[in-house]
Amino acid sequence: MILELDCGNSFIKWRVISRDRAGVACGGVVGSDLELIEAVRRKVQGLDACRLVSVRTDEETTRLTAQLGEAFAIECVWARPAAELAGVRNGYEEYQRLGLDRWLALVGAFHQARCACLVLDLGTAVTSDFVAGDGQHLGGFICPGVPLMRNQLRTHTRRIRYDDATAEQARHSLMPGRSTAEAVERGCSLMLQGFVHTQLELAREYWGASFQVFLTGGDAGTVAGLVPAARVAPDLVFVGLAIACPLS
Ligand SMILES: Nc1ncnc2c1ncn2[C@@H]1O[C@H](COP(=O)(O)OP(=O)(O)OP(=O)(O)O)[C@@H](O)[C@H]1O
Ligand SMILES: CC(C)(CO)[C@@H](O)C(=O)NCCC(=O)O
Ligand SMILES: [K+]
């Protein structure tokens, strides 16, 4: 059994796949290293390998791998920056600086689509990446995701305060808000939608109608309706991770 980890800024996404029947045995989302170890211990037996991608500091990632080594007696292989992988060429001036989650997601997308791709990752941060049909990564954009937009408003104002349940209720429509929660929640949703529309326009300028859109990240579902032809691919980073870190 292989443990796969996507260590983001807010969460660790994990899953376990079996070596033989390439199926996903189990997985989840956790908020801390300890929670990860508890969840894996509860659900999995017989781990023999681990591969991971992390956008955290090397210190944090090293600490996590040490804990996993202790808990499960496994070594962890890390995805590393690359100028080129599986027919995709990194478009950053300094390829090492492209977030590894973005890199693996776009490698995974190109591997699946084999044509020009627009990859949108809608999580804590929102990112977009453009890959041409010949595998050249053109670059992309980074902006705050809905959780960050919402929290910035809460942190930097005195009168924007509401609880999670109210937030959840406010999201049921996109009509002009008639309460603070509605105004903020719907405003942030519309920002996200505006971003998605702009990315689609840019992709059309490059490639006409011949490109594939991939949506991933926690808020992918909230914009899926805007792009009916998009592939919603929650596991895109893991597809790229398997390519970056093949285990013999
Ligand atoms: N407390 C929680 N328990 C389980 N799942 C959660 C919890 N909070 C959020 N999630 C889910 O976890 C996933 C987080 O992924 P998302 O792509 O939104 O974050 P991210 O951008 O990857 O964050 P990170 O910066 O950690 O990479 C989402 O699918 C979200 O619905
Ligand atoms: C943008 C995030 C935070 C998204 O998770 C991550 O990909 C990252 O830390 N990237 C480094 C900066 C960059 O990609 O240019
Ligand atoms: K992410």
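If you go along the chain as it appears here, the first residue is 1 and each next one adds 1.
Glycine is no exception: its Cβ is also placed from the backbone N, Cα and C atoms.
Bear in mind that the values here come from a model prediction, so they are computed numbers and not experimental data.
Taken from TrEMBL, the feature ATP binding site covers Asp6, Cys7, Gly8, Asn9, Ser10, Phe11, Ile12, Lys13, Thr124. Sequence annotations record features per position, and here TrEMBL assigns substrate binding site to Tyr92, Gly99, Leu100, Asp101, Arg102, Thr180. Annotation source TrEMBL lists active site, proton acceptor at Asp101. According to TrEMBL, the feature K(+) binding site maps to Asp121.
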Near-site residues: ATP, ref Asp6, Cys7, Gly8, Asn9, Ser10, Phe11, Ile12, Lys13, Thr124, CB cutoff 8 A to centroid: Val29, Val55, Gly123
Candidates near ligand 1 among the binding-site residues Ser10, Arg102, Thr124, judged by a Cβ under 6 angstroms: Ser10, Thr124
Those binding-site residues in Tyr92, Gly99, Asp101 whose CB falls under 6 A of ligand 2, listed in sequence order: Gly99, Asp101
Cβ contacts of Gly8 (ATP binding site) (under 8 Å, same chain, 6 or more positions away): Val55, Asp101, Gly123, Thr124
Residues among the binding-site residues Gly8, Ser10, Leu100, Asp101, Thr180 that border ligand 3 - Cβ under 6 angstroms, in sequence order: Gly8, Asp101
For Asp6 (ATP binding site), the one of Tyr92, Gly99, Leu100, Asp121, Thr180 that lies nearest, given that the binding-site residues are compared by Cα: Leu100
Between the residue listed as 'K(+) binding site' and Ile12 (ATP binding site): CA-CA distance (Å): 15
Set of same-chain residues at least 6 away whose C-beta sits under 8 angstroms from Leu100 (substrate binding site): Val53, Ser54, Val55, Ala79, Arg80, Pro81
Asp6 (ATP binding site): secondary structure state under DSSP, collapsed to three categories: strand
